[in-house]
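Visitor: So that we are looking at the same thing, I have put the structure below in structure tokens.
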Amino acid sequence: HHPRATESATKYFLTQATASALLLFSAAMNAWMTGEWTITNMNSYTPTTILAIALAIKLGIAPFHLWLPDVLQGLDMMTCLILSTWQKLAPMALLILTSHQLNTNLLTLMALASAITGGWGALNQTQMRKIMAYSSIAHLGWMTLVISFAPGLALLNLMIYLLMTSSMFMMLMTLNATNMNKLSISWLKTPTLAASMMAGLLSLGGLPPLS
């Protein structure tokens, strides 16, 4: 019921449709080259590269991340929670299943770009939804970096990320805090929840004693 929400929905649809088309294109190219439709044992360089790019677009890994902060900013907190957690499961499952055959150099490059972009991008933001979007980009970067070498560890990282992000969004919903100004005065109303949020933020940042 809001122009920003309509804009977000359109951006999300176009991005995901492009990524899905690329995913199908890589599977079709692999089928054309090998004669089988399975994507868990691709041997050719081009289909695996296209597959990695398609999954990166779906997840919002840098340099294909620009849609994520804009989309999240136009949505309400509950939808942001679903988009940041539940919607990551299917592409991450595909990434974990195909991680052994993807180009390690490309994944490492995208992972480092995501970690840098996620950290830098959040510095000059005042909107909580955009900060959480950049946090998502940074965390996905570290997961992508680990995934080639230890998929099990990346899965554990994903579980921890989902848990922490869900709790953060639920606390933001309870406080009705969409920007830094509202968040900074929330301790007057609910000191316990504000303290819990501080712990949640430290945990998302991986700082001791919550590392």
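Just so it is clear, glycine is given a Cβ too, placed from its N, Cα and C backbone atoms.
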Visitor: When you get a sec, could you say which of 45-68, 69-92 is annotated transmembrane segment by TrEMBL?
Guide: 45-68
Visitor: Looking at 106-124, 144-162, which stretch does TrEMBL describe as transmembrane segment?
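Guide: Going through 106-124, 144-162 one by one, TrEMBL gives transmembrane segment for 106-124.
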Visitor: Which residues of the same chain, at least 6 past either end of the transmembrane segment (187-207), have a Cβ under 8 Å from a Cβ in it?
Guide: 135, 139, 164-165, 167-168, 171-172, 174-175
